[in-house]
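Listed features, source Swiss-Prot:
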DOMAIN    52-90  domain 'EGF-like 1'
DOMAIN    210-259  domain 'EGF-like 2'
DOMAIN    377-414  domain 'EGF-like 3'
CARBOHYD  N105  N-linked glycosylation site
CARBOHYD  N106  N-linked glycosylation site
CARBOHYD  N134  N-linked glycosylation site
CARBOHYD  N190  N-linked glycosylation site
CARBOHYD  N279  N-linked glycosylation site
CARBOHYD  N290  N-linked glycosylation site
CARBOHYD  N316  N-linked glycosylation site
CARBOHYD  N338  N-linked glycosylation site
CARBOHYD  N549  N-linked glycosylation site
SIGNAL    1-16  signal peptide
TOPO_DOM  17-618  topological domain 'Extracellular'
TOPO_DOM  640-661  topological domain 'Cytoplasmic'
Amino acid sequence: MNVILVLVVLFFAGDCAKIRKIIDFLEKDAPNDIEKTPNYNEESLAVKRNKNFNPCLENPKICSNRGKCLHENGNFYCICPVTHYGKTCEHVSDQTNCEKHLCQNNSTCVSIKSLRTIVNTVLLRQIRVQRKVNGSKAALTNEELAEIDLEVNYECICQKGYFGGLCDESEADRTCQEVYCLGRGKGAINATGKCECECENQFFGDRCEQISACFDTQCDNGGICEDVVDWKTKTVTATCKCPSAIELIGGTVTGENCETLQIPSTAPKEFIPCAEGSNSTMFFKKFIANISLEYMDDISELEAIKNDYNDGKNVNGTMTDGWCRNDGKCVPEVVRVNSSRAYYIYRCECTNPLTDGYYCEYKRHDSCSLTREEVARGDRWDEKCTDSQHGACVDISGVAHCVCKPDYTGEKCEIFDPCARQPCKHGDCIPIPNTADVAFGTSRYQCLCPLSAKLNPESQACMEINEKKCAPGACGNGRCVPCESDADDLMPLCNDNDNRQGFRCLCEAGYLPPFCKVHTNPCYQNLCQNSATCHIDPKQRSYDCQCVNGTRGSLCENVDDSCDAFGNKICVHGTCINDEYFHRGFSCECDDGFEGLDCNVEIAWSSVMTNRLMKNYEFSLPLVACFVSLAILLPVIVISRRRQGRVEEAKKTSEVKTENP
């Protein structure tokens with residue numbers, strides 16, 4: 001009513017603009033009351049509320065042993081000196097084996113008892129950079145591999161933002177190598193700190209994001225696939241451009257994919273590969289000797305092919321006899337070298353999946369052994385299954401499989417899952433996240449044991465409770481549980497009678513305690529929830545719960561629609577609204593004439609009218625103002641007109657007297 005009086009006063013004051021402003025103010029959405037809004041994600045809200053909180057200022061000594069404190073989004077981390085490590089630099093590192101350590105980026109070296117093998121990634125990176133400068137694509141030599149593999153008895157504890165066995169990889173390095181090139185090339189940080197991609201064939205762009213039309217097109221016999229753009233139709237098609245001539249022997253290459261090769265009958269037989277009575281050494285020797293010396297680049301490239309022999313023992317050797325090793329198939333083909341000239345040589349098609357190399361000369365012991373490419377890349381055989389601590393590679397019918405160690409799963413044993421081996425036996429296993437702090441040497445899981453089992457303090461597994469006091473059939477149609485419980489149990493299972501006999505029977509539905517042998521109504525002491533109705537199932541000697549609308553589950557324990565389940569019956573004089581923030585899951589919006597939590601309190605007519613006016617204030621307030629105005633103005637107008645009539649009547653009387661003196 002105070003608002004109405006204010007509007008009336010303003011109306012008579014002639015300030016209609018102020019009335020409009022008040023109505024606009026009332027129409028605005030009420031601001032959210034953050035303090036009263038229930039928090040269902042306290043962790044995310046805490047980060048939002050406390051992201052400017054600086055724990056380093058609140059506790060300047062939070063990092064011990066001269067560690068430097070840095071904060072980020074309300075959290076902190078410590079940059080420790082090389083002599084300490086840990087969340088707050090609380091651990092002292094044993095420096096016994098760290099005199100010549102290779103730990104990078106201010107990481108902490110910690111001595112360990114056993115030797116471990118690591119890859120000197122710093123040296124490997126230097127070798128690759130040098131080879132890129134020299135334009136060499138040859139595999140790593142045995143000397144280089146021996147230099148890269150290191151056996152050390154220390155570990156590197158990395159500072160925040162660094163990774164790898166030597167803490168030499170930054171977050172930028174990892175992102176560049178694994179993500180930036182979209183899986184279509186190799187990324188590397190250049191001298192200016194920018195990530196550059198070396199794209200695979202048929203991919204191009206700064207991030208190898210564009211795909212050539214030649215991606216699915218294979219050109220044989222030295223053919224080169226080219227993208228042909230039709231600007232009218234705005235389409236790109238792949239076309240194979242075949243060699244126009246074949247050096248030394250002549251011949252032509254034709255076909256849509258350059259698949260047709262015609263060799264003239266006049267071609268010298270010593271220049272024909274895969275011929276009987278000849279071999280690789282004789283062929284390349286005569287072939288290269290007949291190439292003009294003005295094509296020295298071609299000669300060098302063909303010499304490299306001839307010497308591309310590496311069986312793991314004899315590196316950069318040559319084929320001494322035959323064309324291919326290990327039952328490889330000799331396949332003649334035209335090869336285009338860097339100068340774009342085409343030569344008719346051959347390649348070996350390996351028939352054994354365990355062999356590779358240009359001559360199929362590299363043969364692995366089994367599928368778990370390293371391929372030639374993996375050796376050149378610096379991979380290790382014990383990394384086939386992530387590392388030796390996660391699992392081991394086993395050859396099964398010529399296919400490599402990872403046999404994971406306890407607590408690890410996945411195709412390469414890369415997933416840490418302490419519950420995978422079911423360590424709790426008779427209970428449920430709950431894994432402890434890697435982010436949680438646990439004492440060194442303790443399990444990274446927790447066992448939740450059922451009533452029929454208890455936790456073994458030594459193995460931390462759930463073991464069956466001693467059932468010697470539970471004779472066979474003692475509990476009929478139920479489960480026998482011994483009354484051996486700890487003295488500090490807050491809710492002991494057994495009563496005095498149970499303790500005297502040494503056990504308690506937990507009966508199935510439809511059987512009465514204490515020994516679960518007397519059959520009764522299965523709905524006796526049923527577990528149906530949320531007003532569900534218990535129905536007997538005579539076939540199963542059990543019961544089913546018939547759920548009310550809005551609930552579900554075997555015991556009707558889940559509520560999907562609180563209004564359908566309960567609210568519509570309670571909000572008789574109102575409308576039920578599902579409200580997850582309300583403890584009972586719904587709230588009542590009352591009809592006119594009722595109020596209260598359940599809209600069960602009837603209110604006076606005057607209060608109803610006031611509520612209606614306030615609900616429709618945009619229309620009702622101006623109307624009320626008008627009615628009040630009319631109620632006040634009408635008497636004034638009537639009095640004014642009566643007064644005016646009296647004046648006019650008096651005036652007429654005066655005029656009559658003047659005319660008749």
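Backbone N, Cα and C define each Cβ position, glycine as well.
Because the structure is a prediction, the values reported are computed rather than measured.
Features as recorded by Swiss-Prot, highlighted on the structure.
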residue	record	DSSP (3 states)
N105	N-linked glycosylation site	coil
N134	N-linked glycosylation site	helix
N190	N-linked glycosylation site	coil
N279	N-linked glycosylation site	coil
N290	N-linked glycosylation site	coil
N338	N-linked glycosylation site	coil
N549	N-linked glycosylation site	coil
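Take the Cα of N549 (N-linked glycosylation site) and measure to each of the glycosylation sites N190, N279, N338: the nearest one is N190. Annotation: N279 carries the greatest number of neighbouring Cβ atoms among the glycosylation sites N190, N279, N290, N338, N549 [cut-off 10 Å, Cβ to Cβ]. In this structure, the glycosylation sites N105, N106, N134 were compared by how many other Cβ atoms lie within 10 Å of their Cβ, and the smallest count belongs to N134.
Candidate glycosylation sites: N105, N106, N134, N190. Nearest to N290 (N-linked glycosylation site) by Cα distance: N134. Rounded to a whole value, the Cα-Cα separation of N279 (N-linked glycosylation site) and N134 (N-linked glycosylation site) is 32 Å. The Cα atom of N134 (N-linked glycosylation site) lies nearest to that of N338, taking the glycosylation sites N105, N106, N338 as the candidates.
On a Cα basis, N190 (N-linked glycosylation site) lies 18 Å away from N105 (N-linked glycosylation site).
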